[in-house]
Amino acid sequence: MVQRLWAGRLLRHRKAQLLLVNLLTFGLEVCLAAGITYVPPLLLEVGVEEKFMTMVLGIGPVLGLVSVPLLGSASDHWRGRYGRRRPFIWALSLGVLLSLFLIPRAGWLAGLLCPDTRPLELALLILGVGLLDFCGQVCFTPLEALLSDLFRDPDQCRQAFSVYAFMISLGGCLGYLLPAIDWDASALAPYLGTQEECLFGLLTVIFLTCVAATLFVAEEAALGPAEPAEGLAVPSGPHCCACHTRLAFRTLGALFPRLHRLCCRVPRTLRRLFVAELCSWMAFMTFTLFYTDFVGEGLYQGVPRAAPGTDARRQYDEGVRMGSLGLFLQCAVSLLFSLVMDRLVQRCGTRAVYLASVVAFPVAAGTMCLSRSVAVVTASAALTGFTFSALQILPYTLASLYHREKQVFLPKYRDAGSSASEDSLMPSFPPGPKTGSPFPNGHTGAGGSSLLPSPPVLCGASSCDVSMRVVVDEVPQARVIPGRGICLDLAILDSAFLLSQVAPSLFMGSIVQLSQSVTAYMVSAAGLGLVAIYFATQVVFDKSDLAKYSL
């Protein structure tokens, strides 16, 4: 009886923690989705040319590409009162809040600071867009690591990322829906102001609420001293704020050369997954970043720089709203697939589901290139939600699988020494009894195993030990690779997402200007999707692939 009560209490606590972590996931995606929809037309309206507009959209991803691996490694070694992940989450959340204040008020702030408002307004707007892109997207990395820390059993890990993808899709639905509403005619307009001020005011309230939820997340707040990064000593005893600050700067200064070694020695299995992710995300983001502009200019024949009130401008605005509806449907489809992804993988296998999702994208993008029907294009946009859902779940569960079975999938690495690793000291939710059937690709089935947790066990004994233990080469005279943790490898996968936005941001504007057609956006997305199919077939899904690819 006592054990049953304990199991029920633990189950409720675990579900509460999963919801609290993913509330911020929801809030971040609402802000980013609304930004992707609203910012490109806003930049065009203030006079930014198409090719420069796409470059502005690349500022955040470029900064994130440089900083995400560094942040991941720093988070793996961080020690503080609030754990390893939440300090980074909160710092990046402040940047998102600042961007939500700057973007709708760039003109007003410029008028306060100087008489010639145009250049300063543009600079403040670009700063706000860069902050939103950079802080919003980079914040997902410590969130993903926090999920891996708390849910380390294979079934729980996959289901946690399914909920993560569900909340991203739900946030996307709301984020793409909000810009489609005419806020100037709403009851909130007299209180919040213009369309931009109403929209971004609501985004601020939603995001603040979601950030506040992370205050109640249980994390490794009371652990022993961290394993020092290479070449660094960690002082013992209680630390004051000044000591923490000095230590942080010393750590960051020493992490750059160390990070170079860690990133250059990415295992081949993870490298194959990274390349497949990069190509898939590059195709997907080429579509998503410019879809509303494609609908507004291509299908509705609108002109973004036309004077407000003219037919050309009304057509463009209507097209942007229809594009927002297409992206909303994309997220709705993604949300549905997130709910059934576990069953799909259980029935068909990880390989089949992943490849099907990658193949579906160029089919949808190719249809958009050939059709001029708004209904067909909108339905094709909705189909890309399948790809979006798979890219949010399966690569991260594969990375967790690689870490859990390092001796198999990372053959050059093994645990060093017999001392307990950092992650083995971390609190995580214990696995439930293994009643699920095996997956076709060697993964453990979900079944009903996550619903009845077992009595407490040592976290270090978890079968999904996505730890950051020190690893060494098994060959003679190999050098130690210090502290390669799950957050660093998740950061490398997130770098694929960020890098996927850089090339479209730099080149798509020029390609559209040369071709004189916004259809070039969809043609490029379809072409990149075909390339992604090849690299997706090279991903290591199970042990048999190691022999096939001679890894």
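Quick reminder: no glycine exception, Cβ is built from N, Cα and C everywhere.
Automatic prediction, not curation, is the source of TrEMBL annotations.
Residues or ranges marked as region 'Disordered' in TrEMBL: 421-445.
For 20-40 (among others), the entry in TrEMBL reads transmembrane segment.
Here TrEMBL flags 52-75 (among others) as transmembrane segment.
The transmembrane segment annotation in TrEMBL covers 87-110 (among others). Packing against the transmembrane segment (87-110) from elsewhere in the chain are residues 24, 28, 31, 35, 39, 42, 71, 74-75, 78, 80, 117-118, 120-122, 124-125, 127-129, 131-132, 134-136, 138-139, 142-143, 146, 194, 196-197, 199-201, 203-204, 207-208, 211, 214: each is 6 or more residues past its ends and has a CB under 8 Å from a CB in it.
Taken from TrEMBL, the feature transmembrane segment applies to 122-140 (among others).
Residues or ranges marked as transmembrane segment in TrEMBL: 161-179 (among others). Among residues of the same chain six or more beyond the transmembrane segment (161-179), those with a C-beta under 8 A of the stretch's C-beta atoms are 18, 22-23, 25-38, 143-144, 147, 199, 202-203, 206, 320-321, 324-325, 327-328, 330-332, 334-335, 338-339, 341-342, 385, 388-389, 392-393, 396-397.
Residues or ranges marked as transmembrane segment by TrEMBL: 199-218 (among others).
Per TrEMBL, the feature transmembrane segment maps to 273-291 (among others).
According to TrEMBL, the feature transmembrane segment maps to 322-340 (among others).
TrEMBL lists 352-375 (among others) with the feature transmembrane segment.
Under the heading transmembrane segment, TrEMBL lists 381-402 (among others).
Annotated transmembrane segment per TrEMBL: 519-541 (among others), in sequence order. Sequence-distant contacts of the transmembrane segment (519-541), counting only residues of its own chain at least 6 positions beyond either end whose CB sits under 8 Å from a CB of the stretch, comprise 269, 272-273, 275-276, 279-280, 282-284, 286-287, 290-291, 293-294, 298, 349-351, 354-355, 358-359, 361-362, 365-366, 368-369, 398, 402, 409, 441, 504, 508, 511-512, 549, 551.
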Excluding the flanking five residues on each side, which residues at least 6 beyond the ends of the transmembrane segment (199-218) place their CB within less than 8 Å of a CB in that stretch?
17, 20-21, 23-24, 26-28, 30-31, 34, 38, 86, 89-90, 93, 96-97, 100-101, 103-104, 146, 150, 174, 178-179, 183, 188, 192-193, 427
Against the transmembrane segment (52-75), which of these stretches has the most C-beta pairs under 8 Å: 20-40, 122-140, 273-291, 352-375?
122-140
Would you mind listing the long-range same-chain contacts of the transmembrane segment (352-375), meaning Cβ under 8 Å and 6+ residues beyond its ends?
276, 280, 283-284, 287, 294-295, 299, 322, 341, 344-345, 381, 383-384, 386-387, 389-391, 394, 519, 522-523, 525-527, 529-530, 532-533, 536-537, 539, 541
Which sequence positions outside the transmembrane segment (122-140), separated from its termini by at least 6 residues, show Cβ-Cβ distances below 8 Å to it?
24-25, 28, 31-32, 35, 39, 42-43, 46-48, 56-57, 59-61, 63-64, 67-68, 71, 88-89, 92-96, 98-103, 106, 109-110, 494, 497-498
Would you mind listing the long-range same-chain contacts of the transmembrane segment (381-402), meaning Cβ under 8 Å and 6+ residues beyond its ends?
144, 148, 154, 157-158, 161-162, 164-165, 168-169, 267, 269-270, 273, 276-277, 280-281, 284, 287, 291, 326-327, 329-338, 341, 345, 350, 353-354, 356-358, 360-361, 363-365, 368, 409-410, 443, 464, 466, 486, 489-490, 493, 539-541
Report, as numbers and ranges, which residues of the same chain sit near the transmembrane segment (322-340): CB under 8 Å and 6 or more residues beyond its ends.
33, 36-37, 162-163, 165-166, 168-173, 175-177, 179-180, 288, 291-296, 299-300, 374, 377-379, 381-386, 388-390, 392-393
